[in-house]
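S.K.: Here Swiss-Prot flags GLY121, THR122, ASN123, GLY124, LYS125, SER126, THR127 as ATP binding site, drawing on sequence analysis.
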Amino acid sequence: MISVTTLKDRKVALFGLGGSGFATARALVTGGAEVTAWDDNPDSVAKAAAEGIRTEDLRNIDWSQQALFVLSPGVPLTHPKPHWTVDLARAAGVDIVGDVELFVRERRAHAPDCPFIAITGTNGKSTTTALIAHILKSAGYDTQLGGNIGTAVLTLDPPKAERYYVVECSSYQIDLAPTLNPSAGILLNLTPDHLDRHGTMQHYADIKERLVAGSDVAIVGVDDSHSALIADRVERAGVKVVRISRRNVVADGIYAEGTKLIQAAGGAMLPFADLDGIQTLRGSHNAQNAAAAVAACLAVGVSADAIRAGLASFPGLKHRMQPVGQRGRVVFVNDSKATNADAAAPALSSYDRIYWIAGGLPKAGGITTLAPYFPRIAKAYLIGEAAAEFAATLGEAVPYEISGTLERAVAHAAADAERDESAASAVMLSPACASFDQYKNFEVRGEAFVGHVAALDGITMLIGPATGEK
């Protein structure tokens, strides 16, 4: 745990006692701050109180005595309207921050030179974050992985020289981290997202820009207009910018030509790595993720050979285009995290012959946007509440069956793929749906898929065992 010592003996108000909020409260208390915490959920308040954290409705505290207000990233700061605690803090002139800002302050106070890589973007954050951490760990570096990827940043080991931090940052976390200053900051891309919380696309882009604007080295994907403008603007402000692209040549940076990553510097274009054959980095979207990881690792001093070795051994992100088993020429892919059509598109674009397991609790829009990938689908196996709707969309374009359950879909898809005498194929769970009609969450759905695959005869598992339980 990182004890927040920079607020020792000072009064701090905190709202939000979920996962990261609870961890933040503990880190503040351990560091000696006088914390008063609250949450709208009585169970969360009771849990904090049982751990010795002082709890009180923040409507009743003296805000003029608070040195700082810590807000959990899931609580609205600006849109659709500020949370009531935000209004109280602003009325009293109290600064509002989040857990990433507290981490930044502790690093600055105790180990300002320890390498810190921060990653943001609309898509690809988690894969890029996990890939960077894997490369660093494989190269023997003391590596701490956290942030929006699922591990609260203040639960990591304390900052010290030669300890490397890899932190995924959501727009909400950046908005609450005014002095964010990573050694290498990555902005992968920008498309409209979370506008219910940020109001406009411009405001959303402005928040994302803060991460790279404060970086020693800014690594920016320039395949969308918003990010390209940010790269130019940050560069004019004096920040060193490394551009990355999966579509176009860049003058100084890393770009992709098919599966090859090219390093451009000083007018030279040098091959850096080839992703061909790396199952966990298939697709042009992963070429961009890999380019960002390469640029970041080079920026913090990792050797080219160590980076190449890390790329080749990357196990992938769980439930995201994750190869889990192999039988002959058939690979079994767990893409359970694809809970809408846009999220399913990268996996469908990455394989040429697919036995597609799809369905669950449908999202607005269905799968109509996936029509360009229908020629890649040998057959679809439809499950859950969305089965009938998806069947209507597929029509005569794609052969399909309504399997109903995931277990039946896996068995039928595996049998059909094995009989397929054409090129290598993939049995893929990429549901384009939420899981809640049949499973607690997409993780449980993914583990169930892995379990059903493991139960097939003649399977070579590419990952550890799974329970397959719902």
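Cβ atoms here come from the backbone N, Cα and C positions, even for glycine.
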S.K.: Reduced to three states, what secondary structure does DSSP give THR122 (ATP binding site)?
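M.R.: Coil, per DSSP.
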S.K.: Who sits close to ASN123 (ATP binding site): which same-chain residues at least 6 apart have their Cβ under 8 Å from its Cβ?
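M.R.: Expected: LEU188, ASN189, THR191, HIS285.
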S.K.: Per residue, counting other C-beta atoms within 10 angstroms of the C-beta, which of the binding-site residues THR122, SER126, THR127 reaches the highest number?
M.R.: THR127
